[in-house]
Amino acid sequence: MARAGGGGAAAPERAGGAARPEPWELSLEEVLKVYEQPINEEQAWAVCFQGCRGLRGEPGGVRRIRDTADILLRRDGSVGARLEPEPTTMVVPPASSEAQMVQSLGFAIYRALDWGLDENEERELSPQLERLIDLMANSDCEDSSCGAADEGYVGPEEEEEAEGGPRAVRTFAQAMRLCALRLTDPHGAQAHYQAVCRALFVETLELRAFLARVREAKEMLKKLGEEEPREKPLAELDHLGHTDWARLWVQLMRELRHGVKLKKVQEKEFNPLPTEFQLTPFEMLMQDIRARNYKLRKVMVDGDIPPRVKKDAHELILDFIRSRPPLKQVSERQLRPVPQKQRTLHEKILEEIKQERRLRPVGAQHLGGRGFGSLPCILNACSGDIKSTSCINLSVTDTGSGSQRPRPRVLLKAPTLAEMEEMNTSEEEESPCGEVALKRDRSFSEHDLAQLRSEMASGLQSAAQPPGGTEPPRARAGSMHSWRPSSRDQGFCPVSGQSQPLPSSALPSSLSSVDGPEAASPDTRHLWLEFSHPVESLALTVEEVVDVRRVLVKAEMERFLQDKELFSSLKRGKICCCCRAKFPLFSWPPTCLFCKRAVCTSCSVKMKMPSKKYGHIPVYTLGFESLQRVPTTKATPTLRRDAFQSLQGPKWRSVEEEFPHIYAHGCVLKDVCSDCTSFVADVVCSSRKSVDVLNATPRRSRQTQSLYIPNTRTLNFQ
């Protein structure tokens, strides 16, 4: 860029005919006169730093700074002072002369910043620059501390820095330190300020060359169209528009350095980083040209745009597509098969759960020889002599009959409804004869037992009649199925022509007596053993009772639909479900286990049950921790209360002692309302009576394990 500046400065001189060399240095006053305006703050910082650096490092010779004309700017960016033309005879101490130079430099910089302004006009400076000039200008060299200080002594400087800043700048080092501290990188202060001074020098030469060229152009225009005499003073032409051109030049340089905005949307944000002064604007423009940071316009060739430039991007893309091989039709394309998604472990488990459990097929010859099974629990799980009361094996053998082969002991689970239907169908197809229509019922109660006795008696009486007699009455649907003897039971189920009628009083007497079935005939004894054991009623669990009770309670709640307030209070648990007493606002009443309704403490009973899942707890193992706390004024049925109290007796044993294997893991107490207590007491009583009947009934050859459950007459729900 020095070449550009030099060429610009030499052009007017070549035009004038005098070939003068480019100046190597310029005074600060010449720079101010060329620009016709003061220097900016960045240039003032640079002149101060470079001036202190140049004055401190220059060899001997007396140098004085009286005005801006004594400060010299050089092409390489250094700054010096003009030598004193007249020799001085007075000897000045080094420290005193350095302080005077610092003070004179501060005055000169202030005049450069205030150059061209009126007397009543003052320029606003930044606080840092104003403080620096104030410290440099107010340094008094006649101070006693200044005259007595040694050149190599830096004690006061350290004290001043420790106090938060110097009170006066008397040395070049102090001024340079303050100039460097304002930069983000104090270590690069020398390079930065040298670049600023170099740019100021080069731009001044370029501006002076530009103004000289403008002045020469105006003179040429005046000579070509001059009609007035040439005695017009040349100074008037020189000063014509000089300030305007200088101002435009400074504005142009600023825009080239800081960037140009085509449209000012908002004010430029303050950039804390210093402006780059390593290159002049022309050098930066040349660097952009070399790096091709520009966009070229369309160039016409022979009055037309070249064909490669004329085509737009869309046409080029179409040409490229046409040059490629043709694509296949969609119908001809074959996609790869979708890879089979591997099922996760969670999906496999869900699929196994959804699938029905498949049973292993059993031969038809074993269906007739099986008993009615046992309860759904494992007999082998009970170790020692203590057997689970829910594991009952009813498959017995009859050794008294020579024509019947012994039945194997098989432990079966209670079949489902679908399996029972299949078993009934297969038994009807295989059995050629059937005399008594009997079917097991899941809820086998005392009423069903009495009905079974009457139906069996009537069936045997009809079997004793001739073949042309009346047809025996059919059993109620859903409770018993038609029983027909198999081939192995021919010994005790004779054909109508060969069978001998039994006395009509034999079966009722044997059915009415629980302890004396041994005296009955083998046929009657077999029928009693097969159909008098309500096995599936023993398999009734707490979970099933809870489901039944919920259905009943839901039906009972429909009665209160007319009274919406009562129905809402019962549903939300605001009142007791038994006594209709209202609960306090911030209370937490207990909830019944079976009906899930809120109940007060006076209407609730603590029920004892094993610490197991509800689906694994037989209902006959439940007990009550305390008697039912029901006042006599409540509308509780008297029969239910009497049935509950009749279960108590002088000889009682707790449920933990009766069922130690079930209560092996402890027990829990649950709250039950009085209504559900009566319901559960009836279910438990019926279940235990059925178990008593089962235990009191003798087995063939005594091969089955009896239940360790005492009589209900001496049983207590505890």
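Cβ atoms here come from the backbone N, Cα and C positions, even for glycine.
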Looking at Swiss-Prot, which of SER97, SER374, SER383 is flagged as phosphoserine?
SER374
The domain 'KIND' (26-207): mean pLDDT?
78
Can you break down the region 'Spir-box' (538-558) into helix, strand and coil residue counts using DSSP?
18 helix, 1 strand, 2 coil
